């Protein structure tokens, strides 16, 4: 049931319909509708996906947006390297040492092209689960390949509907990112110490039509950028006023 | 900031402290505290982990609990085979067909012992992320091995604190599960068509001290079981009244 102040109700997604069918066979008839979750939260479950070069500011802006969202009473969460690296996308060394190398080598994620792709695929799957639960899910990863980002969009929309995925292109010139170099990674990449580094030795495929395009300008602050995204979310009907 | 009606504030977890340190170096100083997320939701992020034999009723009870939680205005979500099988824990056939077999064989999850272990590890990592976001996360998987369940408990508590993980042992006798056999799996397992089937050809390691032990009794309904768990959650201080 949707409260008068809640977001407009959704039609059941294909995945939900299929789940309902399979659940009916095994007597799971009490499945909760996504609208009911979103009505409790007075928001639509949405994925805000930040993409851009290392050092472009995506994590800083995502943290600032997270802060703004929580301050206005929303239910949001943030996925970035800090919280997926030791769990969901753990490297080989972080996995079940009691199994020895077979387990770790098979399931741990490194930096090869397929490992990076699986990394984004897994984060995308989790983003889809979180937005299905009604959360506003902020994800900040370089995610340089268009195909990988489009696959995330498809996963999120398949669990909901078109409009649940907002791609934010943090479009900071490479020269600025290199000057900032907060972790010293560009220096190492240019010295050849980090192979396949986006922008140096590996391509960055810019989004063709991101929902939000943050063009860098002199003096722009993370707070400015976060406010711009928040306003776009309001305009798109992500929130409804709590009555 | 915690509202007067919100749950009692937590101390920062070790993971949060470490994240704050690494974020300060790279100017991510606006990191949101978990308490603020939980205060918005008037609940503590908690994982309710259902374990038990196939057919014991764990999914049905979890769905019923989910319904009760949403009806009382809480923010909850449910992870089960239906929503992880095609994304987070996709089988080889469901993964990036444009890559061919290498990708699928490496990252797709099948039914071997290590695949099952990785399946539970990944779901555990996601449960920890979801409870960190403040959600009440219900997870319903056979999860027959004590070590796997204990690892999930550790992940959830490392992202928060002791008490954030509630293990629910749905203790239905094997004979009852076999009689129900909602998906015809016991029949196939007994005929030798499904190898390593828990309770038939593979062990189930019962929890030694689950937070909630649901002993089957004649006439017990899913609603009874869900009410019992909800009451245990209230008693443990998972909720605070919304003022």
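Placement of Cβ uses the backbone N, Cα and C atoms for every residue, glycine included.
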Between the candidate ranges A:77-99, A:100-122, A:123-145, where does TrEMBL place the transmembrane segment annotation? A:123-145
Positions whose Cβ lies under 8 angstroms from the transmembrane segment (A:123-145), at least six residues beyond its ends: 34, 37-38, 40-41, 43-54, 58-59, 61-62, 65-66, 69, 74-81, 84, 88-89, 117, 151-152, 155-156, 158-160, 164, 198, 202-205, 233, 238
Which ones in the same chain are close to residue A:54 (ATP binding site), with CB under 8 Å and 6+ residues apart in sequence? A:142, A:177, A:183, A:185, A:186, A:197, A:198, A:199
Given the recorded ATP site (A:52, A:53, A:54, A:55, A:56, A:57, A:58, A:59), which additional residues of the same chain have their Cβ within 8 Å of the Cβ centre, ordered by sequence? A:142, A:170, A:172, A:177
List those binding-site residues among A:55, A:56, A:57, A:58, A:59 whose Cβ lies under 8 Å from any Cβ of chain B, in sequence order, or write 'none' if there are none. A:59
Other than its own, how many Cβ atoms are within 10 Å of the Cβ belonging to residue A:58 (ATP binding site)? 28
